[in-house]
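Participant: According to TrEMBL, the protein carries these features:
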DOMAIN    2-49  domain 'Spondin-like TSP1'
DOMAIN    78-184  domain 'SBSPON-like C-terminal'
Amino acid sequence: PCVVGEWSHWSGCAEQCQPNLRIRRRYVQQEPKNGGEPCPALEEKAGCLEYLTYQGEDCGHEHVPAFITTSEYGKERKRRAASSLWPSDKEAAGYCVEFKTESLSLHCALENRPYARWMQYLREGHTVCVACQPPAMNTDTHRCSGDGHNADGGKILHWEAVGNSQCQGTWKKIRQLEHCSCPLVHSFIFT
C-alpha cells in the first residue's frame, strides 16, 4: 500500500489582511505496488484570516460580518503567536460571546473537506460560543470585529465561515462571558 509521512505544520495565510486559505502537505514515502492501496490526499486547505501584515503592522480590519472558524484553529494560532507583540496581561486574555443562530446557508451542510467539516455542525436555533482571542482582537479596543458589542439582544448580526464564503448566516447575541463553555462542535473563534 501507499505510505505517506506526517502532515506539515499549517502554512500562514496565502494573503495578508483578507480571508483566504492556509495549506498543509504530506509526502509519499512509498508508492503503492502490485495493486496496493492508493495514496490519500497529500494536501489540505483551510480558511484563515491574519491580523498583522508580514511587517507586523495592524491590518485595520473593519469587516461587517463576524468571520468565524473552528476553535481548533485557536490552538494552532496560540503556538504561532507565542512570540508576537501581544502582552500576556489579563486585559488581552480574551472573552467569549454566546449567540443564537437564526439562519444559515445550505452551503454549510454540504461542506465535506476534512478541515472544513466543522461547518456541518452549524444549525439554526442552536446556541454557539465564539471566542475572541489575540490576535483577532483590535489592539486599541481589545474587541473582535463582529462581536455585537453595541448590539442589543434583538439585533440580527451577520457571520461568515472563513474558508467557504458561501457558508454564512445570521445570529443574535445572547451574552458575553469570560470563558466559553459550549460543546466543541458549537465552539468557534473570531478570525
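Cβ from N, Cα, C; glycine included.
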Participant: When DSSP states are grouped into helix, strand and coil, how many residues of the domain 'SBSPON-like C-terminal' (78-184) land in each?
Facilitator: 19 helix, 34 strand, 54 coil
Participant: Could you tell me how many residues in the domain 'Spondin-like TSP1' (2-49) are helical, how many are strand and how many are coil under DSSP?
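Facilitator: Residue counts for the domain 'Spondin-like TSP1' (2-49) by secondary structure: 0 helix, 17 strand, 31 coil.
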Participant: How does the model score the domain 'SBSPON-like C-terminal' (78-184) in terms of mean pLDDT?
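Facilitator: Computed over the domain 'SBSPON-like C-terminal' (78-184), the mean pLDDT is 81 on the 0 to 100 scale.
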